């Protein structure tokens, strides 16, 4: 083992497993940008505007974005069973195969003609191709929903307490890399007048599941899962493989066996059990974190940032989005260090405050200046940069860190399933209704929609203050003890 407690084997296992986050990142990256392309709208849209311009209708925007979140929710439902029954490695195989099938359906929906039709003279089959594309997104998103549970669980179980925040942050970091890859691809091809501009980003989604299928055989199964399933010999071998020959694997095995024996005596794990005893509190914390993360604006910004900027009359949208996500990635670098030094609670409350001010300011500028002047547009873009930076620094990574570490050993899979299912459920609702809230002819809020997301940051601050304990530096077994003994959220910080 290295002096800082992270061995080469552990680092490689957590880095490679984080590739599962690419499923969600690549999918979000291509969709959120492609829906702003004229060529994609002309090929797949059903709404005819002035001068014969074709675009996706509000219902197409809503369904294409929202139904993918339904796929993620389905993946979350099945993840608890796969994770607990088959372990982390087999679950990675299942999610990879599911993703490949979904991407294959998407790419075949776009290849019946080589050139995009730029006028409203496509056939009835072309109309149905859009819905085939949506079906493919749903299936691919099922794989992403599985990954959203399997990967953070696997990483948190491998990570030493001191570095758990940094290691679990790899999931969010790699997810944003996926977004940047597809966003950059769309930006580079945005001037093309044929279907290549959106077929290539779709095809890029094959990369992550194929890599996972090739490399999963080299990953060690989670020692904690093996011990929980009475396979201590394999767990010992995997600990030595992860940490090297100088690591006292026997001592950790003994500690884990004792802790898990106590857990099994207290309560058997089931989906119903996460709503009982101390697990209820832990489930509410994880669920609250997942739901409030998306309610603060991340669901909207992730899916509709291109359309939002276009609605404000801002030009060079794809370039701005590219810069935004690079800034977002830079911010996530800070989450490799700050959560395990500063702590979870102060970062979450401070980050929510800054993000809320940024979004409310965007809405206030939009409400006060109509139409937006050049100076007002620059101010809006600057505030969006601020929002992305601080959200990427705090809530984006810390939601996954806290959700993974707050779960008990006996109900880790079930608790994370309930939490992520609920979070993606909120994401689904926001994705479905946002076009109707924002677009002209419906709610027509336009930039004023920032008032709505800003209000949820206030709720988030109060939620963290009263309910989320400080888990910095505490092992998963120490957290089990503190929750089972009903220690107040305010007292965790003393022990950490």
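A Cβ is built for glycine as well, from the same backbone N, Cα and C atoms used for every other residue.
Marked as domain 'Major facilitator superfamily (MFS) profile' by TrEMBL: 13-472.
Feature annotation from TrEMBL assigns signal peptide to 1-21.
If one looks beyond the transmembrane segment (63-82) by at least 6 residues along the same chain, the residues whose Cβ comes under 8 Å of a Cβ in the stretch are 24, 27, 31, 35, 56, 90-91, 94-95, 98, 102, 130, 133-134, 137-150, 271, 303-304, 413-414, 416-417, 420-421, 424-425, 427-429, 431-432, 434-435. The transmembrane segment feature in TrEMBL is assigned to 63-82 (among others).
Taken from TrEMBL, the feature transmembrane segment applies to 94-118 (among others).
Counting same-chain residues at least six beyond the ends of the transmembrane segment (130-154), those with a Cβ under 8 angstroms from any Cβ of the stretch are 17-18, 20-21, 23-24, 27, 31, 44, 46, 60, 63-64, 67-80, 82-83, 88, 91-92, 94-99, 101-110, 168, 171, 205, 209, 222, 400, 403-404, 407, 412-413, 416-417, 420, 424. TrEMBL lists 130-154 (among others) with the feature transmembrane segment.
Away from its own ends, the transmembrane segment (166-190) comes close to residues 6, 14-15, 18-30, 32-34, 37, 151-152, 155-156, 158-159, 196-198, 200-201, 204, 208, 302, 318-319, 321-322, 325-326, 328-329, 332-333, 335-337, 339-340, 392, 396-397, 400-401, 404-405 of its chain (Cβ-Cβ under 8 Å, at least six residues beyond either end). Residues annotated as transmembrane segment in TrEMBL: 166-190 (among others).
Annotation comment: TrEMBL describes 196-219 (among others) as transmembrane segment.
Taken from TrEMBL, the feature transmembrane segment covers 317-338 (among others). Same-chain residues lying 6 or more positions outside the transmembrane segment (317-338) and placing a CB less than 8 Å from one of its CB atoms are 29, 32-33, 36, 165-166, 169, 172-173, 176-177, 179-180, 183-184, 186-187, 190, 305-306, 309-310, 347, 381, 384-385, 388-394, 396-398, 401.
Residues annotated as transmembrane segment in TrEMBL: 347-367 (among others).
Annotation comment: TrEMBL describes 379-402 (among others) as transmembrane segment.
As annotated by TrEMBL, transmembrane segment applies to 414-437 (among others).
Per TrEMBL, the feature transmembrane segment maps to 449-468 (among others).
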Same-chain residue ranges lying at least 6 outside the transmembrane segment (347-367) that approach it to Cβ under 8 Å:
296-297, 312, 338-339, 376, 379-380, 383-384, 386-387, 390-391, 393-395, 398, 446-451, 453-455, 457-458, 460-461, 464-465, 468
Are there residues at least 6 beyond the ends of the transmembrane segment (449-468) whose Cβ is under 8 Å from a Cβ of it, and what are they?
284-285, 288-289, 292, 295-297, 300, 308, 344-345, 348-349, 352-353, 355-357, 359-363, 366, 395, 402, 434, 437-438, 489
